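**Student:** Supplied in structure tokens, the structure appears directly below.
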Amino acid sequence: MAAASAVSVLLVAAERNRWHRLPSLLLPPRTWVWRQRTMKYTTATGRNITKVLIANRGEIACRVMRTAKKLGVQTVAVYSEADRNSMHVDMADEAYSIGPAPSQQSYLSMEKIIQVAKTSAAQAIHPGCGFLSENMEFAELCKQEGIIFIGPPPSAIRDMGIKSTSKSIMAAAGVPVVEGYHGEDQSDQCLKEHARRIGYPVMIKAVRGGGGKGMRIVRSEQEFQEQLESARREAKKSFNDDAMLIEKFVDTPRHVEVQVFGDHHGNAVYLFERDCSVQRRHQKIIEEAPAPGIKSEVRKKLGEAAVRAAKAVNYVGAGTVEFIMDSKHNFCFMEMNTRLQVEHPVTEMITGTDLVEWQLRIAAGEKIPLSQEEITLQGHAFEARIYAEDPSNNFMPVAGPLVHLSTPRADPSTRIETGVRQGDEVSVHYDPMIAKLVVWAADRQAALTKLRYSLRQYNIVGLHTNIDFLLNLSGHPEFEAGNVHTDFIPQHHKQLLLSRKAAAKESLCQAALGLILKEKAMTDTFTLQAHDQFSPFSSSSGRRLNISYTRNMTLKDGKNNVAIAVTYNHDGSYSMQIEDKTFQVLGNLYSEGDCTYLKCSVNGVASKAKLIILENTIYLFSKEGSIEIDIPVPKYLSSVSSQETQGGPLAPMTGTIEKVFVKAGDKVKAGDSLMVMIAMKMEHTIKSPKDGTVKKVFYREGAQANRHTPLVEFEEEESDKRESE
């Protein structure tokens with residue numbers, strides 16, 4: 001009992017409350033009906049699985065729970081203090097608190113998770129993606145405690161998780177590998193010498209790495225030491241192991257991976273390949289299956305090589321064998337991820353399978369559900385990862401509330417895998433992914449068209465997202481042609497990050513109309529509440545007897561103020577003059593569900609857009625795209641709210657100061673590293689914006705800095721003094 005009291009228990013048994021919240025998720029319709037019953041699976045050792053603990057959070061925890069419920073298996077969630085009100089907690093049958101927000105004290109605490117499994121009487125643990133999913137010690141601990149680990153045996157995690165070991169095993173199994181150094185000597189000098197031997201550019205990679213963490217490209221010996229130290233710090237934080245390997249970096253390769261499954265009976269199959277070449281910060285952003293332009297004979301060779309890799313380590317469960325492929329479709333083994341991948345839904349869409357169900361059945365001792373001959377490839381699928389990040393600021397992750405969230409309608413060919421709802425917070429403590437948008441169609445072009453259509457219907461207000469960037473990417477001619485590689489985003493950076501275009505005058509008219517109609521709706525509500533229809537505050541129509549009323553309105557498009565003269569016509573329409581052009585505007589607001597729509601006609605051209613007005617910004621979402629128009633703050637208010645930046649760099653986001661390189665009195669050059677922040681599982685180096693002398697450092701190592709707060713102050717230079725005078 002004492003052990004059980006170490007974790008606080010939240011029994012999520014309120015069926016009414018849980019199902020009240022689920023419809024807003026827009027999850028794909030299911031053919032099963034959940035009833036209060038359980039299903040038993042018997043493992044090879046005779047153990048039953050009636051309850052599974054998901055040792056993860058967010059969308060992957062919700063994904064696993066849906067399949068478990070389909071099979072009648074009860075689900076147990078774990079959560080940190082930051083996730084107390086999260087979606088995966090609400091979906092679970094039981095949920096247990098396991099500590100503070102930092103992952104090291106919660107989701108990476110093996111002892112706490114094992115204790116929850118015992119307390120809840122869960123027979124199995126599904127690790128999801130990330131966290132402990134590829135941790136050999138955790139898999140071994142589950143085995144010692146008699147708990148079924150839904151994943152490969154600890155030996156396979158060890159052999160494939162240590163990249164130096166995996167390369168040797170793959171070479172022995174006849175799988176081609178990339179030239180590199182995978183030795184035990186981890187001294188900086190040894191690694192530098194091997195980098196010189198291999199020849200620049202090289203890739204520094206964490207031995208236990210994954211997800212782009214602890215990975216750096218080094219193009220010259222001069223930058224080797226700084227990049228090595230940065231990779232070590234990030235690897236230590238993410239995997240508690242800073243051992244590194246060095247590999248030859250192949251310019252503009254393709255990243256092609258193969259989904260494999262093994263079982264306890266010695267069987268192994270492949271479920272075709274996925275192309276994950278388009279990446280930023282060495283992390284995938286859009287994936288597709290099958291890989292474009294791959295001929296059937298190459299596809300077969302890839303699959304067979306992946307199966308050889310799995311069999312070489314007696315693999316059990318879901319795994320992904322990753323390859324580097326050149327322009328001639330020659331491929332080399334890169335690594336094997338011993339878990340279910342984030343992008344697994346695209347494989348499910350083209351094969352008609354449920355890979356989480358396969359995981360559960362195989363963990364229970366069953367054979368792989370289909371033979372290799374029975375696994376067929378149908379159609380084409382894309383997955384777009386929707387992140388809370390700012391593409392224009394080097395894809396810097398952001399945190400904050402999802403003030404408004406609406407998604408495309410889910411159907412059998414459109415899936416939305418998410419772990420958040422409207423009103424939820426994207427936390428600074430975890431990965432900033434909001435959702436995965438997955439679409440399927442009969443061929444690649446049709447799937448791509450569906451992807452872009454669905455992205456336009458994915459509307460988020462409250463923080464920066466990469467949705468517009470994904471639209472630009474998926475519409476790029478080279479992407480449409482299937483000419484993808486890992487340097488795609490850097491190569492086409494200018495085209496993908498187009499400068500913000502000035503809004504069309506017709507769009508400004510729409511925004512002005514939306515604001516006017518919202519004001520009128522608020523006035524009408526006031527009238528109803530005040531019960532005084534003769535109050536002078538009860539009308540916003542602008543109508544006057546015998547005269548026309550004209551209102552001067554100012555909106556802000558980007559950095560430009562736009563003057564709009566709005567004349568209220570007697571028939572309820574509006575004449576809007578912008579510069580020397582006049583537009584006849586008519587429209588109304590209506591609601592669908594929780595959303596407000598603006599139906600509008602500008603000079604006879606009808607349109608429909610979702611309208612959101614939040615604080616001082618008007619948001620319009622339509623099939624043509626989205627626009628944001630600001631309502632300028634009066635000068636007497638803006639002067640009160642303005643802040644001084646104190647001449648130094650600001651924190652790009654909320655995070656922890658990991659390393660401080662400077663102190664008061666130090667002279668620095670523009671571009672010098674000042675400090676390192678850790679935020680949202682990524683390391684960010686703060687560089688000096690100018691030459692100068694450090695006057696004050698506001699944070700020490702280990703301190704928490706809030707977004708947009710000054711980090712370093714510089715001494716005022718003589719030129720600055722003269723300008724201020």
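Using N, Cα and C of the backbone, Cβ positions are placed for all residues, glycine too.
Take a look at what Swiss-Prot says about it:
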type     : residues                                               : note
BINDING  : Lys163, Lys205, Gly211, Gly212, His255, His282, Glu322 : ATP binding site
DOMAIN   : 167-364                                                : domain 'ATP-grasp'
MOD_RES  : Lys237                                                 : N6-acetyllysine
ACT_SITE : Arg339                                                 : active site
MOD_RES  : Lys494                                                 : N6-acetyllysine
MOD_RES  : Lys581                                                 : N6-acetyllysine
MOD_RES  : Lys581                                                 : N6-succinyllysine
MOD_RES  : Lys681                                                 : N6-biotinyllysine
**Student:** Nearest of the recorded positions to Lys205 (ATP binding site) by CA-CA distance, picking from Lys237, Arg339, Lys494, Lys581?
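**Tutor:** Minimum Cα distance from Lys205 (ATP binding site) across Lys237, Arg339, Lys494, Lys581 lands on Lys237.
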**Student:** Say you check the Cα of Lys494 (N6-acetyllysine) against those of the recorded positions His282, Glu322, Arg339; which is nearest?
**Tutor:** His282
**Student:** Are there any residues in the same chain, six or more apart in sequence, whose C-beta is under 8 angstroms from the C-beta of His255 (ATP binding site), and if so which?
**Tutor:** Asp275, Cys276, Ser277, Gln279, Lys284, Glu322, Phe323, Ile324, Met325, Met334, Thr486
**Student:** Which number gives the other C-beta atoms within 10 angstroms of the C-beta of Lys237 (N6-acetyllysine), all protein chains shown included?
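**Tutor:** Within a 10 Å radius of the Cβ of Lys237 (N6-acetyllysine) lie 19 other Cβ atoms.
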**Student:** Between Lys581 (N6-acetyllysine) and His282 (ATP binding site), what C-alpha distance do you get in Å?
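**Tutor:** Checking the Cα atoms of Lys581 (N6-acetyllysine) and His282 (ATP binding site) gives a distance of 48 Å.
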**Student:** Go through His282, Lys494, our recorded positions, and report the one whose Cβ sees the most other Cβ atoms within 10 Å.
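**Tutor:** Comparing the recorded positions His282, Lys494, the most crowded Cβ belongs to His282.
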**Student:** Out of Gly212, Glu322, which of the binding-site residues has the smallest number of neighbouring Cβ atoms within 10 Å?
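**Tutor:** Sparsest of the binding-site residues Gly212, Glu322 by Cβ contacts within 10 Å: Gly212.
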**Student:** Quick check for the class: what is the C-alpha distance, in angstrom and rounded, between Lys237 (N6-acetyllysine) and Gly212 (ATP binding site)?
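**Tutor:** Lys237 (N6-acetyllysine) and Gly212 (ATP binding site) have their Cα atoms 13 Å apart.
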**Student:** By a simple count, how many Cβ atoms lie within 10 Å of the Cβ of Lys581 (N6-acetyllysine), its own Cβ left out?
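**Tutor:** Lys581 (N6-acetyllysine) is surrounded by 9 other Cβ atoms within 10 Å.
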**Student:** Quick one: average pLDDT across the domain 'ATP-grasp' (167-364), no decimals.
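**Tutor:** Across the domain 'ATP-grasp' (167-364), the average pLDDT comes out at 94.
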**Student:** Taking the Cα atoms as reference points, how far is Gly212 (ATP binding site) from Arg339 (active site) in Å?
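**Tutor:** With distance taken Cα to Cα, Arg339 (active site) is 16 Å from Gly212 (ATP binding site).
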**Student:** For Lys581 (N6-acetyllysine), what is the secondary structure state per DSSP, taken as helix, strand or coil?
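**Tutor:** Once the DSSP labels are grouped into three classes, Lys581 (N6-acetyllysine) ends up as strand.
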